[in-house]
Amino acid sequence: SCMKAAPMKEVSIRGQGSLAYPGLWTQGNLETLSGPNDATRGLTSLADTFEHVIEELLDEQQVVQPSKENKDADLYSSRVMLSSQVPLEPPLLFLLEEYKNYLDAANMSMRVRRHSDPARRGELSVCDSISEWVTAAEKKTAVDMSGATVTVLEKVPVPKGQLKQYFYETKCSSKGYAKEGCRGIDKRYWNSQCRTTQSYVRALTMDNKKRVGWRFIRIDTSC
């Protein structure tokens, strides 16, 4: 979203913050989670199949969602994965949350939802963004919840060896409207800027006193 849009005249509005994601962990893919009956559902396209699976998983996910009374849950993200190799696709819970946020915002019936996907209507986002997996070796350091700079450890020890930490980061794209302002904002009357915002994820880190532990650190999560 457009993080800041200020008019050129004596008018001001508040920019909207970014959404963060609950701190849940998962492994696997749609093939391992969707079950054996998906092939017989009679859906006419791969897109409909994908949406159908996501809707089922969202229903099941309600059981393990953090309590609404836990305000800190809004700070945490599901963008971290421990793996022996670079993940080939975005985190499943990230896709679930993105799709759920769209459904909640649209507030539509199931049938209308499938036929009103913004991608199908040719809609464009206000700000262009890019998402990719980043290793701890590329991040090196990060800021924790107390504001201290900590070292992000590249490998996490497990019973059978070590796994690497990967972070799924989203930031504003250097191409397109990132430099020119937010898409859809009238430049004659408003100044706007696309900005990368951050949220917290849990990662294995080391502080300046060489103490190793799991801490919440900030990573890029939206534009």
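Backbone N, Cα and C define each Cβ position, glycine as well.
These figures come from a predicted structure and were not determined experimentally.
Under the heading signal peptide, Swiss-Prot lists 1-5. The annotation N-linked glycosylation site is assigned in Swiss-Prot to Asn107 on the grounds of sequence analysis. Taken from Swiss-Prot, the feature disulfide bond covers Cys127-Cys194, Cys172-Cys223, and the record attributes it to similarity to another entry.
Feature annotations (Swiss-Prot) mapped to structure.
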residue: Cys127; record: disulfide bond; DSSP class: coil
residue: Cys172; record: disulfide bond; DSSP class: strand
residue: Cys194; record: disulfide bond; DSSP class: coil
residue: Cys223; record: disulfide bond; DSSP class: coil
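Straight-line distance linking the Cα atoms of Cys223 (disulfide bond) and Cys194 (disulfide bond), rounded to a whole number, equals 6 Å. If you measure from the Cα atom of Cys127 (disulfide bond) to that of Cys172 (disulfide bond), you get 7 Å. Looking at Cys172 (disulfide bond) and Cys194 (disulfide bond), their Cα atoms lie 7 Å from each other.
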